[in-house]
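As recorded in TrEMBL:
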- C:122-426: domain 'NADH:quinone oxidoreductase/Mrp antiporter transmembrane' (DOMAIN)
- C:6-26: transmembrane segment (TRANSMEM)
- C:33-55: transmembrane segment (TRANSMEM)
- C:75-96: transmembrane segment (TRANSMEM)
- C:103-122: transmembrane segment (TRANSMEM)
- C:128-147: transmembrane segment (TRANSMEM)
- C:159-189: transmembrane segment (TRANSMEM)
- C:195-215: transmembrane segment (TRANSMEM)
- C:247-265: transmembrane segment (TRANSMEM)
- C:271-290: transmembrane segment (TRANSMEM)
- C:302-322: transmembrane segment (TRANSMEM)
- C:328-355: transmembrane segment (TRANSMEM)
- C:376-399: transmembrane segment (TRANSMEM)
Amino acid sequence: MADVTTAVTAIPLVPFAAFLVALLVGHYKPAALPKGGALAGIAATAVSLALSVWAFLTVGAGGATLSRVWTWVPAANDSFALTFGVLVDPLSALMVVIVSGVSLLVHVFSLGYMNDEGEGGLPRYYAGLGLFTASMLAFALASNLLQAFVFFELVGFCSWWLIGHWFREPGPASAAKKAFLVTRFGDYFLLVGLVGVLGTFGTAAFAGDASFPALAHAALEGEASVNTFGVDPATWFTTLGLLILGGVIGKSAQFPLQTWLPDAMEGPTPVSALIHAATMVAAGVYLVARLYGFYALTPTVLTVIALVGGFTALFAATMALVKREIKQVLAYSTISQYGYIMLGLGSGGYVAGVFHLLTHATFKALLFLGAGAVIIAMHHDEDMWKMGGLKERMPTVYWAFLSGSLALAGIVPFAGFWSKDAVLHHALTVGLGGQPLVLLAYLMGLVAVAFTGFYTFRMVFLTFHGEPRSETARDAGPASANMRVPVAILGVLAAVVGLVNVDPLKGVVGEHLLFLERWLNGPLPGLAGPTAEHYHELVVDVAGFHTVAVSPTVSAVVSLVVALAGVALAWTWYNVPEPSEKTDVLGPTKTLLYNNYYQDEFQTWLATGVVEPLADAVDVFDASVVDGVVNGVSSTSLVASDRLRRVQTGVVTTYTTQLVLGLVVLLLIVLLLGGWF
Amino acid sequence: MNEWIAVGVFAVVAASIPAVMVSASRLLRPSVPEKGKETVYESGEVPTGGTRLNFNIQYYMVALLFVVFDIETVLIFPWTVVYQDAVGAAGLGSALAPMLVFIAVLVVGLGWAWRTGVIRWVSSANTEFNT
Amino acid sequence: MALPALTPQYVLGLAALLVLVVDAFTPTSRKNGLLAGLTALAGVTSAGAAAWLYAGGAGRTTLFDGALAVDASTSFFTAVFGCVAALVAVASYDYVREEPHQSAYYALVLLATAGMSVMAAANSLVTAFLALELVSLPAYALVAYLKRDAGSAEAGLKYFVVGALSSAILVYGISLVYAATGVFGFAALADAVAGNAHVTVLGAGVVMLIGGFAFKTASVPFHFWAPEAYEGAPAPVSAFLSSASKAAGFVLAFRVFLLAFPLAAFEALGIPWTLVFAVLAVVTMTLGNVAAATQTNVKRMLAYSSIGHAGYALIGLAALSGPTSSDVAVVGASFSHLFVYGFTNTGAFLVVALAERWGVGRTFEDYAGLARSAPVASAVLAVLLFSLAGLPVGGGFWTKYALFLGAVQSGLWWLAAVGVVNSALSLFYYSRLVKAVWVDAPDETGVARERPTGIYAAVVVAAVVTVALLVAPDVVFSWADAAARALVSA
């Protein structure tokens, strides 16, 4: 279906065009660019959203496609080709709808956040947003790992660009560099993994019979042979899976590479919304979902994913308990929530993980945009202890924000409840089914639920309830329409989007109402592989993750009770006219949490205390031994070169002599070798 | 015994004859150097000045053009001999056209050389042929 | 529309005559723009016609009783020659603006290009030699074009002396081959050499042929003319000789050795000519790169680097031993290398032409800080040089990779290793120039440079094509593969 391919290819190209317009027109003729490029961006993302929805519907009608768009390097010499293409299946169709939808709302919100506030560098800002959206869309539609890697890197580059928007201040500039470098550290592993995949399978395609997950499966079954470099296939695939996971952990801010994300709050708030909800951070877990056919073959990697996810969920939640700034709380909640998604995926719950990715995109975009509106009202003072009482001053934002908070805390029937419960339920069943490490991850996730409820409502109460605690809060006015509309839309979505997969009510409503699960199950005519059902079979048959039947209702009630306990504590401590810092009861622990377990200090020490001396030691070796050899070679060459220059005397008779002698030598060589003497 | 050895012997003999003649005459002749014997032989003229001097290359240009037409003649001559038969065998066009093209190319070259003054005779000995 | 198979050659030849006719009618008026435009147009048209012929998918066409044969390799290289000639003509518009005898200059460029495209179609040793002379004779005159300039005149003379000697060796080689086989045509030769009784005569003839081609491609030991000629010649002519003329020598060598001297027949006779090319490749690339490393003159450095590149391209003739598919791959790699090199090296020499026009001097020191006053040209220079070194900024990366891969696949891993070491060495001296241009401080600041439109356009086009070939190499590489297949499995 050529027209589908063309249209789908246009999904990332349209925002890319907006990027070019904002960049070029903004540079050469800024006066000709209405709203600093915002309108072009809004139009482009709207077109992308329309095309994405259309692609979504086409897939729904059984129109999944995989097509090659461009051959970068053709296959030659029995080697493999490097290609770019589009893969449209339920997962990518869902993802492009999320990305273009969130991006559209972020563009609209930016009109209020950036334009109305008279910020500078608008063409640069909107160009960045356009390229960011385009890269993420292209990443989501990627048909192979190489293409995914290219756009993965572009996504990382764009977040550097946007986080550092106010680059003249030291904070954003340094945060941008940190985000870039920390994620790049993970990406190195991904790059090595990509080369390993290409070397092993000769293809990096995601889907189809000749894709590398399919080949890996066949190799494990002994039906195909791939080049595992002499290592046992299972071990080798685990290695590859872990290498690729390195990139995921960096991008999705999982422990121990999560430190860049809170710093990234230095960027404009709409950018934070985009990064957290749909692009940068989502790219990591999306890659896991995209490669699920591969990960499902390797129980070790799955367990690692689950453990990293469960631990990160808990770890980040503890740090969110004591933060003073509203965006910091949200940043740590993002890390924590992506931990849940990893937990879901790692415990074999593909549907659950993707479900939480969907709901989280909705409510986290909402919370950030809401926080952005609050920050504008507070004139860029983000300290929650200076807020309070904003409920009456900005009611729309409040109600929407409340909807998002209920979703984040996991209170029925808001979005987060359904998806988080699906994740936890799945982890519990697998954990009880003979995977103690997954069970441990589940317990960490469950504890984190209480913390989530607490920090979420601590934030809500401190921000919106009680009496204003500063002049700015007293004088805060309602948000502008540009900001209210996206927040309101997302507020409604956050309340209802969870209903697409009401797993705990399966017995009540019937399986046909589990829309997402049915959606991810296909059907996929002509495209064997990437269905949730297939993944489930792999997880059970190959990875050996068996489940114990636990009623989803019981699990749901448990996590709801835990969440409510957290909310209740926040209520009693902070929903009072004059709240005080009750977390002081934690004593020195609070200082530890507030300073993020001193991880930044630890990483700095790692760089200066360990890596630097090591580098110095290597440098000594390099300077003496390696340079010695290299200098030897080069000085030999240079001496030889000098001699050669003397051969070139400039006297033409010498040349002719040497030429004839050279010919004679050649003749002698050939005749001698030919054995004619 | 390689049959090529005859060629080798021939080459050696051929090279040695002048060498023997020159060295034999050097051994036999009396050595009486005088000025007349040491000057460059110029067909009986007494040489004047050094050998490195500017000279007019207009002869050279004319000679060069002459060589072109000389070669042209060499090619046209056998063509005229077989022309009648060629017309009979391949037709007038195939026999005549290639030679016309060949001559046309030369005419273009000659015309250009003429128009740009290559064969204009300039009287002064140190003047270049072109402006 | 079915074009005659020799359309590109006709276009070039007629354009050369047209230039003369135009000048003959108006000998006194200056018409640099008209003549340069005519030359560039002829180059582009012949390249376009070649592409058209290739796209038409016609197979092998034999003409004039087998004296010429047109196939995919002909069209491929004709396209290279046409493009390089067009770039050179556009750049010459600025370079020769103040010089006399412009019509002669452009006519000679066109005639040499026509000769090259005939070389790419040669199917007999006689036409091969004639075409080669049609390239050489204009080239001698072009090198000495700046006849008031002692360097140019001296370079022309040296080039002529070495060239005459090489031609003599080549024609002697042809006569020996003819003595052994009694035929000139490539197809007839292929039959006649199999099981030939006069192995010694044939072997000596083949080595002398190799010598003749080595002169044209500036390979060791027939390379002596190259540094002198490139340094003394007008920079556009250096670009033309080091790119197009070299490629022409290669296409002729490929045609002769693949079509007329089948490797299998020669191995049976005990004349392993691949070995000769392997030795030549190693010596040429090593000598070229090592000698380039200590040059202080930019043009000379480029001249030696172009000798080194001849060594890389020779891999295509040295690594022919495997099955047809791998032979096609390595010959195709060599062809694409010459294509990319045609643009990249021409561009690099044209940047030197630009610098000569600005009068910045000839040594690395003189180029210091050029980026301050001419950022575009300096950026172009950096891209071109790094592509020559084989960094992934231009198509040179792919072609070098394919060449070395081909060598490894033919079992000549040592050849590939020498190539890689040489590439590393070449990066050293290319970087020196880039450093001089971008990092070093200029002697004088605030120099305003004029922007000669022609040269600027030519270098920018060269750089754009070079980079485009990194991004979308497929178009050219598939053509090169078809060209290689036309020769290997002919």
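All positions are counted from 1 along the displayed chain.
Placed from the backbone N, Cα and C atoms, the Cβ positions cover glycine too.
Each of C:6-26, C:75-96, C:195-215, C:328-355, C:376-399 was scored by its Cβ pairs under 8 Å to the transmembrane segment (C:33-55), and the highest score goes to C:75-96.
Segment contact is absent for the transmembrane segment (C:302-322) and the transmembrane segment (C:103-122), given fewer than three CB pairs below 8 angstroms at sequence separation of 6 or more.
Only pairs six or more apart in sequence are counted, and the transmembrane segment (C:159-189) with the transmembrane segment (C:247-265) gives three or more Cβ pairs under 8 Å, enough to call it a contact.
A contact links the transmembrane segment (C:195-215) to the transmembrane segment (C:271-290), because at least 3 Cβ pairs that are 6 or more residues apart lie under 8 A. Ranking C:6-26, C:103-122, C:376-399 by CB pairs under 8 A with the transmembrane segment (C:247-265) puts C:103-122 at the top. Among residues of the same chain six or more beyond the transmembrane segment (C:128-147), those with a C-beta under 8 A of the stretch's C-beta atoms are 96, 99, 101, 104-105, 108-109, 111-112, 114-116, 118-119, 122, 153, 155-157, 159-160, 163, 167, 170-171, 174, 212, 216, 229, 232-234, 237, 240-241, 245, 248-249, 252, 255-256. Tertiary proximity for the transmembrane segment (C:328-355) is limited to same-chain residues at least six positions away from its ends with a CB under 8 Å from its CB atoms, namely 73, 76-77, 79-80, 83-84, 87-88, 91, 95, 230, 234-236, 238-240, 242-244, 246-247, 250-251, 254, 258, 298-299, 302, 306, 309, 312-317, 319-320, 361, 366-367, 370, 374, 377, 380-381, 384-385, 387-388, 394-396, 398-400, 402-403, 405-407, 409-410, 452, 455-456, 458-459, 461-463, 465-466, 469, 473, 476-477, 480-481, 483-485, 487-489.
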